[in-house]
Amino acid sequence: MGSEYKHILKSLCLSHGWSYAVFWRYDPINSMILRFEEAYNDEQSVALVDDMVLQAPILGQGIVGEVASSGNHQWLFSDTLFQWEHEFQNQFLCGFKILIRQFTYTQTIAIIPLGSSGVVQLGSTQKILESTEILEQTTRALQETCLKPHDSGDLDTLFESLGDCEIFPAESFQGFSFDDIFAEDNPPSLLSPEMISSEAASSNQDLTNGDDYGFDILQSYSLDDLYQLLADPPEQNCSSMVIQGVDKDLFDILGMNSQTPTMALPPKGLFSELISSSLSNNTCSSSLTNVQEYSGVNQSKRRKLDTSSAHSSSLFPQEETVTSRSLWIDDDERSSIGGNWKKPHEEGVKKKRAKAGESRRPRPKDRQMIQDRIKELRGMIPNGAKCSIDTLLDLTIKHMVFMQSLAKYAERLKQPYESKLVKEKERTWALEVGEEGVVCPIMVEELNREGEMQIEMVCEEREEFLEIGQVVRGLGLKILKGVMETRKGQIWAHFIVQAKPQVTRIQVLYSLVQLFQHHTKHDDLLS
C-alpha cells in the first residue's frame with residue numbers, strides 16, 4: 001500500500017505543481033492522533049518533510065487537526081500569513097512550528113480532508129489558486145486507494161458465471177446405474193483367452209437371469225460378516241471354493257488384481273487357505289459347508305452355491321501359480337492342506353473388532369510426542385487454546401521474546417538512575433517554572449541510561465492513566481514501567497520509557513501538552 005500512496009502523491013505533485021504532499025492517517029491505536037503515513041517531495045522540501053515525520057497532530061487542534069475534525073479544507077497563502085499569526089503562536093506547543101518556516105519560501109499550503117481515511121497536506125513554492133478539480137481529484141484518488149479491498153473475490157463475476165450454467169433435468173440421467181458409472185471399459189479377468197470365448201454365451205445368459213453369484217454373496221452378507229470373512233478364522237475345515245460369475249469372481253469383488261501375481265497378502269487367513277487348496281488339488285470344487293458359520297447365509301443361497309459347477313485348474317495358469325504360491329502360502333500351511341487347520345499360538349485368542357472411528361494401529365511415537373508438546377504449549381501461552389498450530393508457534397516466539405525483555409529490563413530498573421537535567425533543590429523539571437510554589441503538571445526527564453526517559457503527568461481521573469499510556473505508545477515509545485502515585489492529594493502517572501534515537505524529549509512533551517490542553521478544554525465545557 002505504501003508504494004500506491006507514494007505513486008498517487010507523486011502524480012498529484014507533478015500534475016498540479018505542488019512541491020510536496022504528505023498523507024496524514026488516523027493512528028490505529030489512538031484515533032485522536034494523526035500519524036505520518038506517506039509523502040512525496042522535491043529536493044527543496046526535503047528538510048520540511050523530514051521534520052513532519054515525527055509529528056503527531058491531535059484531532060481538533062492545529063490546522064491539520066481542525067481540518068480532520070471539521071471535514072472542511074483549508075487553502076492558505078503566504079500573503080495572508082498575518083491573519084494566522086496568532087494561531088501559529090498557539091500552535092507552537094501543538095507541533096506546528098514547521099508551518100511558520102514553510103512560508104519563508106512556500107507560497108501555498110492546502111490541507112484537504114479525506115473522511116475516515118485521514119488528511120492530505122500539499123505545499124508549493126508557487127501560488128496555486130483554489131480549484132474544485134484539485135479537491136475532487138485528490139479526494140477521489142486517495143479514498144479509492146484506502147477503501148480498496150484486498151484478496152476479495154468479485155461476487156458479480158461469480159454470479160455471472162453461475163448464470164451461464166445450463167441446468168439439465170434429472171430424467172436425462174435415469175438410464176445410468178451405479179455400476180455403469182464406475183465400471184471399467186475392459187475389466188481384468190482371471191479367465192484365459194480361450195475360456196473367455198467359450199464362456200461368453202453362458203456368461204451373457206447368467207447376466208440376463210441375474211445369477212451374479214459374486215453380488216449374491218455380498219448382498220447376503222452383512223458388514224459384520226464381511227469383517228469376519230477377512231479376519232483370521234477359528235478351527236475350521238475349509239476346502240477350496242471358486243464361485244462362477246459373469247466376468248466377476250470373488251477376488252474381483254474384494255479388489256484383488258489377478259494381473260499382479262506377486263502381490264503380498266497376509267500369509268494366514270481364509271483366502272490363503274482357499275488358494276492353497278485350489279493350487280494343491282488343481283480342482284476348484286465349490287463348497288461353502290464349512291464357511292457357513294461365518295455368515296447368516298440362508299439355505300437357498302447355500303444351495304445355489306453348492307450346485308455351481310467348478311472350472312478346471314486353467315483358472316490359475318501354471319506360470320503364475322508358482323510365484324503366487326511362494327508368496328501366499330507358508331510351509332506350515334502346506335502341510336495342513338485338506339486337514340483340520342489350527343493356529344497353535346493364537347488358538348484361544350479372540351480378536352476384538354475395532355469400533356467406528358478407532359484404529360488398531362498404534363500412533364507413531366514421534367507424532368504422539370509432538371501432540372503432547374503442542375498440548376503443553378496451549379496451556380502455557382496466553383490465548384493459545386483455540387488457535388491454529390502456526391499461530392500458536394508465532395505466539396510462542398513473541399511470548400519468549402517478551403519474557404526475555406522482562407528479565408533484561410527488570411535488572412536495569414533495579415539499578416539507581418539519575419536525571420541528565422540540572423538539579424535544583426533536589427527536584428528536576430522538564431520546563432522552567434517562574435516561582436517555586438507553582439507545580440508543573442507535566443515533567444519529562446532524560447535518565448542517565450541511553451534512550452530512557454521518565455514521564456510524570458497529573459491525572460484528574462484514574463481513566464486518564466490509560467489515555468496517557470496510549471499517547472506514549474503512539475509515539476513509538478516502549479513502556480518499561482508504569483505506576484500511579486498520590487502526591488499531596490493529586491494523582492500522578494509515572495512512566496519509565498525506552499525511546500528511539502530520533503525521538504527527543506521536546507517531542508514527547510509537545511504530545512503530552514496537547515493531551516493536557518484537550519482535557520482542560522473538556523473540563524471547562526463541562527463546568
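Cβ coordinates come from backbone N, Cα and C, glycine included.
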Matching range for Swiss-Prot feature annotation, motif 'Nuclear localization signal', among 341-348, 445-452: 341-348
The domain 'bHLH' (354-403), counted residue by residue under DSSP: helix, strand, coil: 31 helix, 0 strand, 19 coil
Averaged pLDDT score, the domain 'bHLH' (354-403): 82
